[in-house]
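Student: Questions regarding the structure given below will be posed in turn.
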């Protein structure tokens with residue numbers, strides 16, 4: 001296990017060139033059901049003979065500023081000739097790291113910076129809730145990010161898109177399992193909780209200036225069949241004139257109310273939403289919809305046992321049938 005730590009200089013005190021630091025790319029960033037995750041490790045001045053090593057980043061909470069230890073992924077102990085690695089069946093938020101090596105004795109690059117693939121789905125072992133519960137916030141808003149799950153110690157992480165990782169201790173105040181943020185930065189960022197053994201669901205939060213119009217939409221995915229309310233808000237006005245709501249740039253409601261209610265959400269409601277009012281247009285936010293048809297992972301072993309039993313019964317019946325037939329015995333139903 002290797003600890004994520006400090007930056008390295010290109011040239012050491014002995015005027016020797018330090019190992020290069022590879023760049024890890026992760027695709028996709030956000031998990032969807034059944035999708036595979038592809039890791040790509042890029043090395044400067046790449047040439048033949050490199051082997052690539054792939055690691056899972058494990059949160060190390062002993063360092064309050066934020067660090068990770070690294071665990072080799074399966075089939076990576078001897079390295080891979082290909083600089084890409086595919087992960088199947090990833091369902092939770094996770095962090096990954098890569099490095100490369102070549103020659104005898106082996107010369108290794110530095111470890112890459114950790115990169116993440118995020119899941120918005122809530123999980124019992126670790127979950128993140130946001131108050132106020134919405135994607136878009138004014139920069140003057142205070143926001144609370146609370147961690148829940150099977151851990152007594154947490155830290156809240158933020159990945160400022162496109163490429164900057166930091167922790168609550170850098171931009172907020174961690175009080176127990178809650179990170180309090182006095183002012184949201186004007187940016188698009190992903191937040192999640194980390195314990196010593198787990199990552200929570202991730203949420204996307206955007207900060208906007210006080211003179212902008214905001215769309216009020218839930219920060220978590222909405223389950224099919226549930227209702228959802230979308231709102232439209234100016235910082236200085238409680239009552240807006242005629243409000244227009246859009247889904248994927250197509251107008252879907254034009255009324256005097258500042259809210260739009262979808263009583264029973266379906267997959268067709270998933271998409272980008274925005275609102276217009278008082279000569280202003282809000283930024284758009286993604287409304288995710290979780291399908292109820294996805295099989296429950298806890299019921300999967302039961303299903304496998306049931307199907308195996310049926311196949312076994314059919315197999316035994318066929319063996320009995322062939323045995324009787326070989327002896328020329330008659331049988332009746």
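Cβ coordinates come from backbone N, Cα and C, glycine included.
TrEMBL: automatically predicted annotations, no manual curation.
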Student: What range among 276-299, 300-323 does TrEMBL record as transmembrane segment?
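Tutor: Residues 300-323 are the ones TrEMBL records as transmembrane segment.
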Student: List the helix, strand and coil residue totals of the domain 'Ig-like' (20-100) as derived from DSSP.
Tutor: 0 helix, 40 strand, 41 coil
